[in-house]
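Trainee: Input: one structure, supplied below.
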């Protein structure tokens, strides 16, 4: 920490110590300190008394520049008590009839009033009241559309929502409040929106980056937003020339979300987009093990590890929390071959914004 010294020196008018003294401000570099007395200094052969004030100056603050597209990002523009009220424009089931559960893709109007970015989330406040007679609390959902929306006019926002229905320990069928509210919405219905929120999952700025996306189920939402911007849109300030590699894990092939869209992207940019599905109830690896997302990744383990050593590789993980441990297990053994502690290395990646996780 830098120090600044201001010295006030009291000197007699002459060499006589009986004469009055005067105080002068003297530059520190002109002072010669005498060992015989901490209070005395000599200036041009004259002895005087010094009073010095030492102040410290805080070091200049280092401004951290994010590697992500965070310029002018907006968060929490709309709160639960004053949400934005949009309308449902489109609500379509995107899973097959034999899929274990329903997933819906929905588009809401925003009229440009909810300025979100790829990788952010919005909150939804479902209609009605809870068992205590209070309004329902908001639920957060990852945005499934790019910043300009599915219609390309920056006036809509899209979600990918799985209908939650389960049987509790008492044998009662329980329906998730918000997911069922959303999946049942009809075009024209009003929907209360909060946010946008989140900076963890923002896209990298570098258009030449390697972006590895690991998603399960509706965790595909932020990656759809990334990939639309990369391959379906034209931007003057962004043209993706790197590698986007998507791993998507689902239980059945009828649960593969946005499959046709992703295949079109791969056809359009085969050198820049790689696509790998892991269908756990239908596929197995060469050991006969079910094909979970980490099982599929293990087939490319060495290649993935080499990519993770580069400072322009960014990993994004979104979906079920269970996949995180499976992926760590793969990386632990790979890193160990190079004498690297994976958990410590992952901390380094997180600090560098290269390992980004949003699981539930």
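Glycine is no exception: its Cβ is also placed from the backbone N, Cα and C atoms.
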Trainee: Taking 162, 199, 234, 337 as the options, which does Swiss-Prot list with 142, 218, 250, 251, 280, 281, 290, 319, 320, 358 at the NADP(+) site?
Mentor: 162
Trainee: Minimum Cβ neighbour count within 10 Å among the binding-site residues 251, 319: which residue?
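Mentor: Fewest other Cβ atoms within 10 Å, among the binding-site residues 251, 319, is found for 251.
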Trainee: List, in sequence order, the same-chain residues at least six positions removed whose CB sits under 8 Å from that of residue 177 (FAD binding site)?
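Mentor: Counting only residues 6 or more apart in sequence, the Cβ neighbours of residue 177 (FAD binding site) under 8 Å are 126, 128, 130, 136, 139.
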Trainee: Work through the binding-site residues one by one (160, 162, 179) and name whichever has its CA nearest to the CA of residue 142 (NADP(+) binding site).
Mentor: 160
Trainee: How many other Cβ atoms sit within 10 Å of the Cβ of residue 142 (NADP(+) binding site)?
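Mentor: There are 26 such Cβ atoms around residue 142 (NADP(+) binding site).
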